[in-house]
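For Cys78, the entry in Swiss-Prot reads active site, nucleophile. The active site annotation in Swiss-Prot covers His163, Glu165. If you look up Swiss-Prot, you'll see Ser217, Gly218, Gly219, Val220, Asp221, Ser222, Thr223 marked as ATP binding site. According to Swiss-Prot, the feature domain 'Glutamine amidotransferase type-1' maps to 1-189. Among the features that Swiss-Prot reports, domain 'GMPS ATP-PPase' is placed at 190-383.
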Amino acid sequence: MILVLDFGSQYTQLIARRLRESGIYAEIVPFFESVENIQKKAPKGLILSGGPASVYAKDAYKPSEKIFDLNLPILGICYGMQYLVDFFGGVVAYANEQEFGKAILEIVQNSVIFEGVKIKSLVWMSHMDKVIELPKGFTTLAKSPNSPYCAIESDKIFGLQFHPEVIQSEEGGKILENFALLVCGCEKTWGMQHFAQREIVRLKEKIANAKVLCAVSGGVDSTVVATLLHRAIKDNLIAVFVDHGLLRKNEKEKVQAMFKDLQIPLNTIDAKEVFLSKLKGVSEPELKRKIIGETFIEVFEKEAKKHHLKGKIEFLAQGTLYPDVIESVSVKGPSKVIKTHHNVGGLPEWMDFKLIEPLRELFKDEVRLLGKELGVSQDFLMRHPFPGPGLAIRILGEINENKIKRLQEADAIFIEELKKANLYDKVWQAFCVLLNVNSVGVMGDNRTYENAICLRAVNASDGMTASFSFLEHSFLEKVSNRITNEVNGINRVVYDITSKPPGTIEWE
């Protein structure tokens, strides 16, 4: 196992992900993790991440100096390398010629860390400081046009000024793999088959004969959680799916069919009337979210009580992922709010369940791989993200059944055409928004005054930033024609070409 010490870089999670993609298990801890805790984890090597600070600043992030007493191989990346240089007596200073973006790395000295790596390759830089003078005992391994010391080595200690974890670094994955396998002696033992087998055994031991309540949204995380739990505890899993009437077209039926194929009993609650009655007359986005969250808890509580009376429920399953765990112990200290799974936060006191989080070690892409390992269909696993409040935040203004139906039909056409054109898997997320404006149109010889639909499609890697998708005009024309001809009450279709930032992906 490789342990990554986080100094606050936006790329830290990518380090662990790249290693895991190579079959090497990696964990992330804050830079101030105690040496005692590091020893308990028994890593075979340490990686010091990048970070936004300068090593010569008064408040610079610095780990315990005792990490060097562990006699472990260490790789410093960007700030991590500069910390190593500063600690061992070298000089780091503000760079007059800073490097951001792509640069050419040229290897000038053979090293095990560059085994099988091209002499010249593209790398990703992001630094304002640079190494001016190496400490005694360090050797230069590589350079870039503006960094004479772009990679350095001293015995089992290595430094890289660039970011090998970023996909733009052509040989970055190979370099990280070399450090883990050839320097640290790790083995490729990490994978979802191994994880599934281990986790099923662990869940059986932890839960025994107790009952577990799991809220299912129809999304990837909750479906994989339910599938994993069912493999472990069979019918002691109580999976609850709340239909709030704000789902995509045929969503309920698709979720039910999926769980039937997986042979997992699913308790479906039709709460459409309850939700829509409480949302009547509400147009403010945050109030919509609040009402949906509170109503979900009421409905979920009522259903939980029924099962609680039949046999005490001891556990509540949540789809916490590894990024949530990292966030809670970030370099800035514990977060004030830990994200909970779907709408399960704020449950009443009587529901004093123990939490069980089977996915807390996994990244999102690993959850999909685990789902595939467990037999969840690929089509289901690769579906686009869908917000917890559902179509409520894609209908601008007040919500009613007619608006929901219009949006469901338009959205289904858009998604269907994306799949026909083999575009669905090429965009990160696509959906329709029902605008709260009417516009004048002409159909036949008649004047119309009807709703407008907005098409939204974006490309992204994680949703933190996004750019609108460049869809062909002929494709957009086809979708527009179908929607205006097939969906009653729609006479205009527009395409959103806003990126994030300045806009958000969802409209509300």
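Glycine is treated like the rest: Cβ placed from N, Cα and C.
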- Whole-number Å distance between the CA of Gly219 (ATP binding site) and the CA of Glu165 (active site)? 28
- Message: Which one is it, among the binding-site residues Gly218, Val220, Ser222, that lies nearest to His163 (active site) by Cα separation?
- Response: Val220
- Query: What is the one among the binding-site residues Ser217, Thr223 whose Cβ has the most other Cβ atoms less than or equal to 10 Å away?
  - Reply: Thr223
- By a simple count, how many Cβ atoms lie within 10 Å of the Cβ of Cys78 (active site, nucleophile), its own Cβ left out? 26
- Just name the most isolated of the recorded positions Glu165, Asp221, going by other Cβ atoms within 10 Å of its Cβ. Asp221
- Residues satisfying Cβ distance under 8 Å from Val220 (ATP binding site), sequence separation of at least 6: Lys364, Val367, Arg368, Gly371, Phe380, Leu381, Arg383
- Item | Sparsest-packed among the binding-site residues, when each Cβ's other Cβ atoms within 10 Å are tallied, from Gly218, Gly219 | Gly219
